[in-house]
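Asks: The structure under discussion is supplied below as structure tokens; questions concerning it will follow.
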Amino acid sequence: MRCRSAAMWIFLALRTALGSVEVRWCTASEPEQQKCEDMSQAFREAGLQPALLCVQGTSADHCVQLIAAHEADAITLDGGAIYEAGKEHGLKPVVGEVYDQEVGTSYYAVAVVKRSSNVTINTLRGVKSCHTGINRTVGWNVPVGYLVDSGRLSVMGCDVLKAVSEYFGGSCVPGAGETRYSESLCRLCRGDTSGEGVCDKSPLERYYDYSGAFRCLAEGAGDVAFVKHSTVLENTDGRTLPSWGHMLMSRDFELLCRDGSRASVTEWQHCHLARVPAHAVVVRADTDAGLIFRLLNEGQRLFSHEGSSFQMFSSEAYGQKNLLFKDSTLELVPIATQTYEAWLGPEYLHAMKGLLCDPNRLPPYLRWCVLSTPEIQKCGDMAVAFSRQRLKPEIQCVSAESPQHCMEQIQAGHIDAVTLNGEDIHTAGKTYGLIPAAGELYAADDRSNSYFVVAVVKRDSAYAFTVDELRGKRSCHPGFGSPAGWDVPVGALIHWGYIRPRNCDVLTAVGQFFNASCVPVNNPKKYPSSLCALCVGDEQGRNKCTGNSQERYYGDSGAFRCLVEGAGDVAFVKHTTIFDNTNGHNPEPWAAHLRSQDYELLCPNGARAEAHQFAACNLAQIPSHAVMVRPDTNIFTVYGLLDKAQDLFGDDHNKNGFKMFDSSSYHGRDLLFKDATVRAVPVGERTTYQDWLGPDYVAALEGMQSQRCSGAAVGAPGASLLPLLPLAVGLLLSSL
């Protein structure tokens, strides 16, 4: 008995390793089952091996489950189903379909407009849209998914149909007539010549399918059509038979590109919304891909040409379309990199992520982390205000002791979201694996919340030096622990290897790197003397090097004054500092005569730049705050909630009973969000903490953090980096 069991085990193991002695193809309908059985018979009569068996499922999703459960082996799926099968069940694509020799195993989803219009990808809100059909790949899934993923379209509560109906100024989406939003989504549809079949997902609707969506645009019903890359060329320049297209010329239409530009309809390879992968045969990870391809390759060699007894790539005999394989398939090819991510490609993957929102799996609450009594009060009012407006998911407020405690609780799944500053975003991402879900946008002229850190010098050809020659120079800093004056420049110099602290003593290392400095601090008595050497105190010479306005070289303007008056050679300040104190903007005697053109910036690449070139020549950009969540949280639902909420509560003068970006009613500042916030914004492509913070800021931060010593930390989480240094114990520094 034991030998028989061992033999059976070996047999099953060999069967699994070799992909089994037969291939069980899963079908999703009766017609497909019939075609599969005919293909099985044709293969058998031709002597093809292994044997092909047919297993009938109820749908493509059901077939995927059967394959995962080892009750079937293979099925052909479209891109969206491949994504789900790979992500949820670990299936892999092994054989791809080829439709067009020019583009191979893919085609392209494009957005088409009339050349005479001024529509771009950034101005689609409010325009009229034409779609091939509801849930169609290029007409719905890709454009809607792309708009959501890029942050152009916000979706609350996973209600994609509602979001689209409110985003466009009317649409024709054949098949949307049975939805709650048919008034908007079917507004442009016309039906057939007798007015029948309006908004049907069938040829009864004249604007259905690729040609129909393009006709919707061509006839002026819509402003943009979401179609395939070949649609325009197939229906213009005399290539179309229907009368509506006889006079159309391809040169009268253009494509919308992802970067906001437009291009000729022939330039679809670089101007498109996404490359759409061809359908592919998927199997379990343990299935021999070579065996599957060899069987299908022998099959297509015998049964893909006219006159053969069985037609692999035709469904006409069964009264259906695209059974087992797409009817437009020219050939099947093996897939080299057998992962769903590689097959689908980044553009299509991003579009699918934008659509991955199941209302039935949406948590009823978003648990927000709060850190103080005033913040608890504001969060409670926010929860009530959101609930009254039926915003989803609802807000729950959960207290924590510190930003780091919030991060721990979010990672553990006990809390869902918290707004953090730049340094804490770095910790949340690097240590706890959190990701940004939304960010804060400050006013364009906001000089305290969004700025670049720059190194300013005098324009002097006789004494010109670069960032590589800072050693031995005299430096001016707004204050110890300030982001622009200390954390970023010192962190950058450490990261670049110019400053090399010993035994974590950054203060001494900075003092030795520069010849002399002015770095105002709260308690200069316990401080390296070289860091106060350039400070001058007040008009009477008192309060020298103190971290307040009594020191004339304190703050950004003070550090710039230190440079102006010749005390220092370089000033580390915000990019706005030069303009605040030159060209008549500062009437104080020391600044009244200054001109901005007399100052330059030191660039990290060793060059110098004009003061107005700060965006390209800076040490780092201070990032805005961001809402951080777990990676398994749907960031589009978080932003969708905040975006809908700010329409109601974002204006500080709104009459709806709550102000998202104002904390004055709670006797606090920057509660839940910074009070300077103008709007919550989507993260777009900045989906990791590194992307959000930017490489220069991360480098500076990590340069500083590399000097942390165990047991040296005394500051509370969220404080500036330098309380971790032995000589700075006890200093209370402001956060970013």
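Every residue, even glycine, has its Cβ placed from backbone N, Cα and C.
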Asks: What residue among Cys26, Cys36, Cys54 is stated in Swiss-Prot to be the disulfide partner of Cys63?
Replies: Cys26
Asks: Among Asp73, Asp78, Asp149, which residue shares the Fe(3+) 1 site with Tyr107, Tyr210, His279 according to Swiss-Prot?
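Replies: Record check against Swiss-Prot: Fe(3+) 1 site with Tyr107, Tyr210, His279, extra candidate from Asp73, Asp78, Asp149 is Asp78.
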Asks: Same-chain residues six or more away whose CB lies under 8 A from the CB of His625 (Fe(3+) 2 binding site)?
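Replies: Correct list: Thr419, Leu420, Asn421, Gly422, Ile425, Gly439, Glu440, Phe673, Lys674, Thr677.
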Asks: Neighbour count first, Cβ atoms within 10 Å, every protein chain included; then name which of Cys26, Cys54, Cys130, Cys172, Cys257 tops the list of disulfide-bonded residues.
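Replies: Answer by Cβ density within 10 Å: Cys172.
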Asks: In whole Å, note down how far the CA of Gly139 (hydrogencarbonate binding site) lies from the CA of Cys54 (disulfide bond).
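Replies: A Cα-Cα distance of 32 Å.
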Asks: Rank aside, I only need the closest one: which of the binding-site residues Thr132, His279, Tyr451 has its C-alpha nearest to that of Cys172 (disulfide bond)?
Replies: Thr132
Asks: What is the one among the recorded positions Thr132, Asn135, Asn515 whose Cβ has the most other Cβ atoms less than or equal to 10 Å away?
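Replies: Buried the deepest by this measure is Thr132.
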Asks: What is the average pLDDT across the domain 'Transferrin-like 2' (366-706)?
Replies: 94
